[in-house]
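Inspection log for the structure reproduced underneath, given as structure tokens.
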Amino acid sequence: MSEPDVDLEFGYSLSFPLPFRVFALTSLGILAWATNIHGLDNLGVDVVSALDLRVGDHHSPSQRYWPDSPRKADVTVLYKNVYRIFITYSVWCLVSWTTFRSLSQGNPTLVDVYGYIPAVFALLTVIILLLPFHVLFKPERDKFLHAIRRCISSSPDSPVYFADVVFADIFTSFAKVLGDVFISLRMLFPGNSLLEPPADHGWTRWIMPTIMSIPYLVRFRQCVIEWLSVDNTSRRPLANAVKYATAFPVMYLSAAQRLVVSDLINEKGKQAAEEAWHGEHPLFRLWLLFAAINSLYSFWWDVTNDWGLELLKPGSKTSGRPLPPRRLVLPHLHSGTALLGSHRPAPESEDHLAYPFGLRPTLLYPLPVYPLLVFLNLILRLTWSIKLSSHLHSKSEGSVAIFLIEVAEIVRRWMWVFVRVEWEVIKKARETRNTGRTSFSDTDEPEFELITTPTMEHEIDP
């Protein structure tokens, strides 16, 4: 790295230390969730039912908002409260950072003198999150804490709700942020500095990958619970569990790269420590192999299973013939689930329906959105190994790039949520239509509510 680049990185760490980057990324995550709910609602998706959001007793996951109940959530209030949390938290972060900057004055010595400021801010934030009084968004704080509790400590006999799946998947995108929290805490210890991450020696090199693996372990556990469920007849949950399991070797082999550097220093001298590529070492090649497997497998799973697109599905039959869009409707059944369906009877099979290459018969968003999201998802998935690999950002060099990669991952997950919820809603719509053919007579049909967003909804007809 050239001297100007070193000065740039040092100035970046001086003005925007790692703890404040963690605060900023958390704020961005809150904003992303608010816009997810807001955007899905604007597109005509009943977000409360689609995500199985619950009311009342938070210890009872089966208690939901029912479409015909007076306790049904006002989704506008729901996302406005999240926006308010984002604004309040962001102002709180800005006040903390401004105080730190005004006192430290860009002086490297004073940066560590006033390093207690982000620590106090973080401590107060945790206290507010756990505050038992009915102030400062108490309902939202309780829902957040109970969501964490359900994901981590729910009984193996309990069902895995779609909301908890989305929640845990979002947290996998914050795996590196969790690692940054651990590094930030170590920076505040006596003898360490906010300007440079502390060095790892011995067993301490394994702590950070263990912390970063927690969100993946949670999702892995959810997949295993789904697979072992008495109602499950598919191997898909097991294949999904394998996907999350492929992240563990990436993180732990990354932590083992210090052994690679030590071996190469003994063989080639101290200059080997400055090199980023150690392809001649078998441990490095093994890490690279698992990084590629994790990135490509995760990309395939996103496109094929989480989004339901036909692009990478073996033996899929699609047609590139341009077809006119067809309006969708959203049935509100007494099952409490928001669905996308057809205002006319669905065909017995969708196999004969023609639709643009690589997509699917039912689409909620404009056609150009899907290839763009697939392309961006591929690019950002290929940075996955960098985000999960502590040895690539163990020094202050490259901290700007790592921060931008973390921002990009949050943006990728934000886009992922829109299509993931869309596909879940479509699958439920198909199940409802299939059930309706046998459960309803000609005079006893489900009640449908037409969604007035024709420019954003497409169902492809032959």
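Each residue, glycine too, has its Cβ placed from N, Cα and C.
Of the candidate ranges 12-34, 150-172, 173-195, TrEMBL annotates residues 12-34 with the feature transmembrane segment. For the ranges 81-100, 201-220, 221-240, the feature annotated in TrEMBL as transmembrane segment maps to 81-100. The transmembrane segment (115-137) is not in contact with the transmembrane segment (363-384), judged by fewer than 3 CB-CB distances under 8 Å for residue pairs 6 or more apart in sequence. The list of residues near the transmembrane segment (283-301) in space but at least 6 beyond its ends in sequence, with Cβ under 8 angstroms from a Cβ of it, reads 239-240, 242-243, 246-247, 249-250, 253-254, 256-257, 259-260, 312, 377-378, 381-382, 384-385, 388-389. Counting same-chain residues at least six beyond the ends of the transmembrane segment (81-100), those with a Cβ under 8 angstroms from any Cβ of the stretch are 16, 20, 23-24, 26-27, 30-31, 33-34, 37-38, 114, 117-118, 121, 125, 136-137, 139-140.
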